[in-house]
């Protein structure tokens, strides 16, 4: 498809001259001088640079390589695919272009030295005419100009090659992500780090890798001509070079090992950061910022230790580059002096020998102490990266990317596809027989990508050794012939055991069971996400000519919502069909929500759907599943997050209405719906205990046998299946009307959707504009657009960056050492002119070699000192800027994380931080060091020939103009490049989070296309930046060549008054200057551009903190909060209102309430009523206002205004069980007690109270059991119970439960309520609940909210009795809508509770 949005690529239409001089990019540079360059201004990529071409090529070659490796493997030796071979087959031919350019560049460099000798000899040879001298001078100018041309084409094509490698490997890794088995417990942060940092070495290696071949060749050529000048004495210089080689080899090995340690440490840090930012709301609510910050800083200190070692080696390496030339010259010239000092016919050290030798030594120095070591160093990094990337690419995967055509014909609407599909479906769609499933996949590959830190690897190896020592432990599970006995073998890793079931094409199958029984795993098994380890599972195909596989729709238990519009989330890449869309919106109860959203279904929602309530996310996820006319619908608990009236409507209108006649698998805790299902499966401990119609199920008695290991013994535990008792109890008490005894919505004529998450949809970031091409992309732009700063980095930013890590005295000392080292070197060069200009007799004195040796020694010492100081300053700044940024984000409000996508924030901590850690010190020092060298060269030339001063201002003005022109445009393009990288990470992060959904819907190829598009957007900016850099470099070298020509011609013109030695020094300095000048300018620009990363991090470091500090003290230093506060936990709201940042109006309005000490309050109301906002107000996630004029405040606890105390002083005294439980990667102990304040006995007691003790005792490691990202190795119900244990452990006086029982079964709900009454005695409890039986039967008073206002507040019986008149109360209406039987039951319960309390008081 042709991209008409961007200008065509000018490189494709460039003529030969334009191509060779990089003039094809010039119009864009000139445009950027007066205009702001935006992404749409940048040209599209040429055919050769298209990411799609590169991606397809890489995928094809990698597939071939994997196949070849399999074919070459033997039973005893498994051959590993080679990524190096793949890269060679993809790009080896193109690599010949920079290799050829580099070869001809080397020829030109040697020619420059030879021509310089002819020009110098001209001064000492009176027989040569001026014309001959001018000819040599002009030839020197032309060769230097051609040298520059070849040099920049060498680097342009090499860097282009590096970009191709990066882009194609990212695409290959993303493609791998789409096929990755969910069992591969690789974190999002690890994958982001692989893509952001492990591909950088390929780009670094590309321009220098060729010098592994070119470097030695140029050194051989240089040594040949040095032999011509110095004879055997040049071998002394070679000896000095050889002495440095072992040092370089040692550095290379160390760089490789340090790189491995660095990336492992960085992986661990980024993984932890990713985890913390994902669960930042819980971190804020629990006031856990400090322990998490300390953990991250501890990981950062480990990373910095390796970075410091790397920087020390880099500083020595760069110092060697600087002093290598004078040291080698000292060895060579001193040896020459020793050899000829006592000769009968003394041979003097002439200027042509000295300066031709210096030029040749400079060529060898550049290659062998800069390019060649960099090639070895980057090759070591590449080898590490190749190992890690190959490990990742060899992770177990499920299947390849599906073709969307398999699911639906391209031209069919969903309804048409459904009619066709239904006609050719067999009766039985899924048939399982004795099927067992497990997440544990065995793989023959040794993949260390999953154990990235050395510590993790050692722990794993220790465990493996321990396990091997206990090999005698085997289990013999009891197998009973009785069909009614279920055998569970917990020694196996199977999560689902011996499943036998069928699914008909029109069946509604309910899956029920207690928390952790394997219900969600059952869904994963049907979706083929969980591997089958024994038995059989057959999924039918369409009985048509193409034998198409069945299409499936999936609604996850935790709804996966991506950043984009509501419509794009529902369509999910499918063709838009108005009729079907309207039906789905109506069936999923979204009609009224969309009316209240600012832009209807075009309203943009943030990453993970942060601007939607939990119920809205669940309905959008269900609508996505329902819109796709699939053969099978897998609905994992879609009704728990919505209130019962909406749940009833969803079941009747969508699940059993719109989707009727389809195969549907419904996991649910809402047991009132199972009687309308054709069949029900009861799962306990991963095994089907009952199956069939609900009436048959409840008549059946089943015994469960569990096989467990205790030490060396294996024994069986026989228990009755218990969950069926819950079904029976519910069946006896269930109302006739199919609505559970829970919170319904209000009457149609009185209820309206609250504005909390609709009218104020933008409360967490309203910056994004609606897409013009809505529906064109599956994943649309983020809620807030990342700002692209304009203009140059201010001098103040540089000062702030250096000052954040160093004192003024240290910075001044560093500058002094930089100047001193250069001064000593320049003086040494002038001493050489004096030495070479002396007579043969005079040169016999030892004064000359001794003095020159002292100059060289001084240069070496000062260079090492300045390198160390400079790198130390930058490392200190890097350390402190990270600390400042992390501290700022940990102190800022939760709104920041809602407005900024996870990938964007993580990008600053990964890519930007890596640039500052590793690239900025090198680039900054290179620019500074070469800058001082250039200044020394210019001073030298002007001293030798003052006439050149006339040309200096003109040439300097040209340099400044070129740099200024380049800076304006390239900085803008570089910023676009930086910001266009964030969507790559955000898209990757979101894809990994919703991987199961993406695969279930068969839209992997669409997501792959979207990924290619994000890469294309970034590739266009990067390629433009690459072309601009070469445009500048070529012109700077051309001006340098002109400066050399002017210097040579000026010296030739005044031959009579010009000493040969000084003329040689001037031209030798300018030749070295010609290559170094453009490099210095480019490095200074590169440093300025890298300062963009510093600015981006400084921006985060200056993020505004929450209004109040964490702790507040009185003037005398004591805390404003008295000891033991809150003692009674009496809470009062006084005229309290709450408006979200960037919101259009208040979502809580003038609320005045008093809650008595130790009261248990139930908060009810439909989706969006403001229930969760009450929690945000209580925890001060958002500041509340009160009074007139409005000022902060409005909430008091035990008489203290919470707006006048520290946020940690407040949050540490409260506990919350959140609506969506979150667990952090690490151990169970850390998740329960991050602050490490509690004894093990206390933790076990809390787990026992939460009914989790038995489960934890069965885990490997018990309290130290591993927890995956977001607790993925625990069910959502188990996570909720762990959250309860966490709350119990805090022993707080104020407890908040935010719909905490929505995702658990009735039995677990009762456990939680029991724990609340036993563990939280005397505590004030606020519960947002969906089940009316919970709040009416157990809670003191009920608060009814609607549209942010208090509708009713009082004891349940009082509210029900008050509503008995014609003017029916709100709670009365809710209870009445649950049906006559249940109304009577709830009313009786409320009455009994009311009068029992009155009697107890009396």
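The backbone N, Cα and C atoms fix where each Cβ goes, and this holds for glycine too.
Taking TrEMBL as the reference, the stretch among 947-966, 967-986, 987-1006 described by the feature transmembrane segment is residues 947-966. Listed ranges 252-273, 274-295, 296-317, 318-339; the one TrEMBL annotates as transmembrane segment is 318-339.
Simply put, out of 318-339, 947-966, 1036-1055, 318-339 has the most Cβ pairs sitting under 8 Å from the transmembrane segment (852-871).
At the 8 Å Cβ threshold, with sequence separation of at least 6, the transmembrane segment (232-251) lacks contact with the transmembrane segment (134-156), having fewer than 3 such pairs. Only sequence-distant pairs (6 or more apart) were considered; of these, fewer than three Cβ pairs between the transmembrane segment (134-156) and the transmembrane segment (318-339) are under 8 A, so the stretches are not in contact.
Using a cut-off of 8 Å between Cβ atoms, the transmembrane segment (947-966) and the transmembrane segment (1036-1055) share at least three residue pairs, counting only pairs 6 or more apart in sequence.
Beyond the transmembrane segment (86-104), the same-chain residues lying 6 or more positions past its ends with a Cβ under 8 Å from any Cβ of the stretch are 57-58, 61-62, 65, 150-151, 153-158, 161, 164-165, 168, 207, 210-211, 213-214, 217. Sequence-remote contacts of a segment are chain residues at least 6 beyond its ends whose Cβ falls under 8 Å from one of its Cβ atoms, and for the transmembrane segment (318-339) they are 226, 230-237, 239-241, 244, 247, 349, 353-354, 357-358, 361-362, 364-365, 369-370, 821, 825, 828, 832, 835, 843, 848-849, 852-853, 855-856, 859-860, 863-864, 866-867, 922, 925-926, 929, 933.
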